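Taken from TrEMBL, the feature signal peptide applies to 1-23. Taken from TrEMBL, the feature domain 'Carboxylesterase type B' applies to 34-156.
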Amino acid sequence: MGIKSRGVFWILIFLALILSTKCNSFMKNAKISTRIVQTRYGRLQGLVVPMDQHRYLKPIEIFLGVPYATPPVQSNRFSPTRTPSPWDGIRVSDQVGPVCPQKLPDITNETAALEKMPKGRLEYLKRLLPYLKNQSEDCLYLNIYAPAQGTHTANEMSKIHKVLRIPVYTANRDADIRSGAGGDAGPKEMYRCSPNSAC
């Protein structure tokens, strides 16, 4: 990765950090993108989020709940992942996919929970619970964050992508090894555990 690519990558991480800390407020301004992205599995339409509070930052494009494998259910349950089936039409990617099923410790009684875990872990679990409400074995989805590219045809985007390799941050809902929820393992969590910060 060249110096310029690293700079763009860290700008994207910084942007994602800002977004993860202001998730509710910035998503209120999200609009369905007019751009359709052609993938090998079908066409995607995401969200464009303007950075109203940060006038020097350009908008970002978000694709939520993009399948990256066939659902691991029924005969696929204990098999290696397979490529997803192509879809017809345009898939509007404006909702996160479900998280994989998991059993969490009971934290309804805080006093009893604090006897079994440190306070930091309890606070972490409280923050995590809203992301774990929608659970399913069909949980192999990505959330993709990229700089907004404007309106380009699929052919133009193909040419641009070959010339300009831009970094893209993907947040896998299954990425957090501690809990299995990528919703809490976004850029903020990645920054928190970087070599220059304390986890």
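Just so you know, glycine gets a Cβ as well, placed from its N, Cα and C.
What TrEMBL says about a protein is an automatic prediction, not a curated fact.
Per-residue pLDDT, averaged over the domain 'Carboxylesterase type B' (34-156), rounds to 87.
Secondary structure by DSSP for the domain 'Carboxylesterase type B' (34-156): 27 helix, 29 strand, 67 coil.
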